[in-house]
Amino acid sequence: MAMLASKSPFPAPLATSGSGMMAGTAQASYPPSRRAPAVPPASQSFSPTESEFSDSDDHDSPKHWDEDKVCEYLRSVRCGEYEKLFRKNHINGENLLEMDKDVLKEMGIEKVGDRVRLFLSIKKLRTKAIAGQKKRNRDSFAGHESMYTPVSESPSKPFHSSSRVMPNPSVNKRYSRQIDLSGMAYDPSRPTTSSRPTSPLPSADFRTARTRNPYVGQQPTPTGSLRGLGSPPDSQANSRPVLTHTRTDSGMDGSLMAALPQNQDVIRVISTGGVTKVVKIADCNTCEEVMRVTLRKFALREDHERNYCFWVLSGLDPDPKQCRRLGDTELWRVIKDQKRPERNRLILRRVPAGEPGQSELERAAAIAMEEAQQSHSRAMDNVGARSQIKVQKVLGENWDNLQPPLSPVLYQDRERNVYNAARDLERPEPLDSGRLQPRRKVLRSFGGLRPPSELIASDLTTYFPDHPREDIDRTARLSMRRSARLSKVNSRLSVASSFSMASSIQDAPPIPTIADSWLQSTPLPKARPRDLQSRLQHGYRDSVASSMLDTLQEEGSPIEPNRKSYVSFADSGSDSAAVSVTDPDGNIVRHSYFDEGSTIGSGSGSGSFGDVSKALNEDGEDADEDLQSFLSGESWDDSKWMKGALIGQGSFGCVYLALHAITGELLAVKQVEAPSPGANSQNDARKKSMIEALKREISLLRDLRHPNIVQYLGCGSSAEYLNIFLEYVPGGSVQTMLNSYGALPEPLVRSFVRQILNGLSYLHEREIIHRDIKGANILVDNKGTIKISDFGISKKIEATNLLNGANNNKHRPSLQGSVFWMAPEVVKQTSYTRKADIWSLGCLVVEMMTGTHPFPDCTQLQAIFKIGGGKATPTIPEDASTEAKAFLAQTFEMDHNKRPSADDLMLSPFLTPIT
């Protein structure tokens, strides 16, 4: 019999009763009251569906893309840098849809992040293409099935066949529904065939079509023959097209996870974000050893096994209520019993984090659903013939038509993509769509923390996605050129100077601008070798130039080292963005572009901003208006800096990475949305309060200069935002470290506490109370330097408050800060002194030693009553050293007058080992 090709076009309307010999014969064979359907000649065959199971795809389908279209797609997913690589390998749309991570790696895409992003984009593209073809399949099938109507008005009961024949392989590895119109004529030699479609989506469509028209897809009669159009009217079998299903293995089966290997001691563990790994536990004899092996597999600290636990999902839905934590006894039973399905989807969680997140639950549910599908398939394949007959009698349906359950992952992913695409297409375009801001890209972390400046400088386009590569490259290039130019100018000025650079810094009057002048730096010892010099002075900010420029070599003969000094940027091995200035005595002092309170030279000496600006005009090079504007203090309008990825956000606003367009210095900009003019809504009142808090923070920070306090650089405003520019601190907060690594070891706590006390001592000397010392507000850079941040609720001590004390109701202290870190006098609102920060410091030490806040068993309201009652103090960790317990006992003194100051605590034995 003639089977039709999958690409044959579907003919126009079928021939009339008078067109075609077969049709005429059929008409003559029946009484006038009945007439057979008009059928084209048997030599013409076609596919009625034109679905994803045939090769007749839409021309716009990704399968038909050429190399130019593929390159355009790469640019749309921010992978345009690999355009040449794809062209070199002649990748077209058909090749693109078949690519996976291994293929991308073999092509030469070295970055893991780019491979993952590109693979996920290709996967979504593949899913979208299949979903579109699936819709065309349904529409086409519904449009064509009406052409195959039954001969009789009353349908006959279908006969069932218990035979099961393996599906025939197809050449193009697709499903294909094909119709053999010659089968409508009587053919006694035609064999009895039946097939069981095992593809979830096609079979679902077929079942829907068969429900709408019971004559489509019925099985042949038990005699193995079909009565043709010439059969008598009382024929039991009606003429209909015969559908033949073919199937081979598909490369897009949607499988999520393979089953664990049999007879091997392994478990599958799901971690944060739905990441799964298979862990070998053959050599583990206790649950603690299992936990340590698991932590090692996920690159976590093994000595923190007590901070982690295992959870398991009981049902098939990602519902936290169906999730339970496993104790050691139950965990051991699960991992040792290879018949337990839970060992294939254990969830690893930190104990303080509580129940698993949504991503972990979804991954566990998907694995459980796939296990259920595989179990169903195995059960169906192992059923005997007698059992099949019983099932057919009970269900009233042919065994071969019983469909396996849909693949949950495949179905959910595809339906979700189809729904999202349809929703995006049907959504009306808003009137102010031109003003909508694109969704901000979150700063890509580095080991769970903020990336160092070297990493940002090596891939600026990733961290500044809203700016063209040309603008970013020009900024980096100009910043290096300007740094070299300033080095030459300051070198000439220092040679002409008759006094030491260090002394001029102290005598320099401040310039009344936001970025007034250079910061007065502590002179370092004599010049050291380059490898040692790079380790000094980590308390300066990062810049693109500091990561790209090598240190300029000192000019002049070694015989006359006092003849010259030079200015250069730190080498790439340091995070310093400061300018290194060597004075005639050989001392090195470093400055940054935005440091205030000092100048390079006094008003009449060399090195002041005025002298530098004058020297730039006389150095014979082209005028640089942007640099002159920067030297005059005009540094913070929107054209002078570039907004990068999102670092963090909170109730106050958002913090973004920023790049100064003149100097190439990396910054952090805190943005608060400005209230609408004349608006009095509750939201605008909240914005005004945040603006006031930000202004209060600016007024305090602009006068602070300390290596353990986040450096304020300047501020600016626009019609929509108020911006405050701070130094960029790579790394993260203490709270982030605790979330990532658990409790900190005591030697590290000692180091952090000493630096925090240095910063608090500096603040308290200037009558400033921070009022919110906690792990989230203490930053740790990638060199281990502490930075105290977030001065939004800090304030200066008023003399009237100190004199009148708690009896001054007009200036009654407000309840400011975080409840778990509050001192008793703050909760009672009796007084607010420097000693409140000391209590909060003790709570911070407990937080670092335990990994949780000081009152983990209390809600905020319960903690307020506990602390305000004056009888409860945070529990001191039992495993703390004697010195640490004594230190905490001093900080938790209930009477704030007896509580030691920051300077007194610096002499504590707890901090002695690191002095």
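Sequential numbering from 1, following the chain as shown.
Note: Cβ is positioned from N, Cα and C throughout, glycine not excepted.
Listed in Swiss-Prot:
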REGION    1-65  region 'Disordered'
COMPBIAS  26-45  compositional bias 'Low complexity'
DOMAIN    65-128  domain 'SAM'
REGION    134-171  region 'Disordered'
COMPBIAS  152-163  compositional bias 'Low complexity'
REGION    183-249  region 'Disordered'
COMPBIAS  188-203  compositional bias 'Low complexity'
DOMAIN    263-353  domain 'Ras-associating'
DOMAIN    641-911  domain 'Protein kinase'
BINDING   I647, G648, Q649, G650, S651, F652, G653, C654, V655, K670  ATP binding site
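Taking a C-beta cut-off of under 8 angstroms and a sequence separation of 6 or more, G653 (ATP binding site) has the following same-chain neighbours: K670, Q671, V672, E673, M690, L694. Around Q649 (ATP binding site), the same-chain residues six or more apart in sequence whose CB sits under 8 Å from its CB are V655, listed in sequence order. When the domain 'SAM' (65-128) is classified with DSSP, helix, strand and coil residues number 48 helix, 0 strand, 16 coil. Between the domain 'Ras-associating' (263-353) and the domain 'SAM' (65-128) there are fewer than 3 Cβ pairs closer than 8 Å, counting only pairs 6 or more residues apart in sequence, which means the two stretches are not in contact. As a summary of secondary structure, the domain 'Ras-associating' (263-353) carries 39 helix, 24 strand, 28 coil according to DSSP. Residues belonging to the domain 'SAM' (65-128) score a mean pLDDT of 86 in the model.
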